[in-house]
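Copied over from Swiss-Prot:
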type	residues	note
BINDING	Phe13, Ser14, Gly15, Gly16, Gln17, Asp18, Ser19, Thr20, Thr21, Cys22, Leu23	ATP binding site
BINDING	Cys201, Cys216, Cys219, Cys222	Zn(2+) binding site
Amino acid sequence: MSDTHDMTALVLFSGGQDSTTCLAWALDRFARIETIGFDYGQRHAIELDCRARLLDGLAQLRPEWAGKLGDGHTLEIPTLSAISETALTRDVAIEMGADGLPNTFVPGRNLVFLTFAAALAYRRGISHIVGGMCETDYSGYPDCRDETIKALQGALSLGMARPFELHTPLMWLSKAATWQLAYDLGGRDLVDLIRDQSHTCYLGERGARHDWGYGCGACPACDLRARGWHEYIAGSAQS
């Protein structure tokens, strides 16, 4: 990766654990940050409401981060849910499909997100885009794969005649390693902020608090987050 300390990045920021960690990662590396979130009719749209508290928390965590935070953007793309019969956009039970993918997979979601992000970045004069896609701890989503992101980077750069760079700092990290990255970036305060204020639960449940944060505790997203937290805590206790 080229030296980015005098550059601006656009971060895909949903209000979840991964995107918040990526935002902190970007704040640690770029001179200025803008964020973009998407309202596509997701059941867990409560994550969008978490963003303001997370941004305030990040700004208070480090004064230099506060000075780097720029404009925040939210795009509404309801057509994505209109063409997607998935458990993230419909009130149906979460289960595995015949194709081996869970029905939480929204076809083309990350492709659409990154394309809209690149279009906005183009208009804002930004060439660096940061996303929380991960191939290690994921549900088999094909649009989270490293080869997908690299192919899309090439397509976006060609299609807009601008050399975009898509950064995916979590691509090869387990969920436990993602918690550790948060600690490395901002210490216990950042870990606590992400645990208490970010949202991951697919069902949008924010009533029950667990040691790893809020959620139903049963959906795949909660299970992954919980297992990662417990592995992280176990590793921290041994070090």
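Placed from the backbone N, Cα and C atoms, the Cβ positions cover glycine too.
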**OP:** Fill in the CA-CA distance, Ser19 (ATP binding site) to Cys201 (Zn(2+) binding site), as an integer in Å.
**Re:** 14
Original post:
What three-state class does DSSP give Ser19 (ATP binding site)?
Top reply: helix
**OP:** Please name which of the binding-site residues listed here, Phe13, Gly15, Gln17, Thr21, Leu23, is nearest in space to Cys219 (Zn(2+) binding site), Cα against Cα.
**Re:** Gln17
**OP:** Ten-angstrom check, please: count other Cβ atoms within 10 Å of the Cβ of Gln17 (ATP binding site), all chains counted.
**Re:** 28
Original post:
Within 10 angstroms of the C-beta of Cys201 (Zn(2+) binding site), what count of other C-beta atoms is obtained when all protein chains are considered?
Top reply: 24
Subject >> Cβ neighbours within the same chain of Phe13 (ATP binding site) - under 8 Å, at least six residues apart >> reply: Ser19, Thr20, Cys22, Leu23, Thr35, Ile36, Gly37, Arg51, Gly72
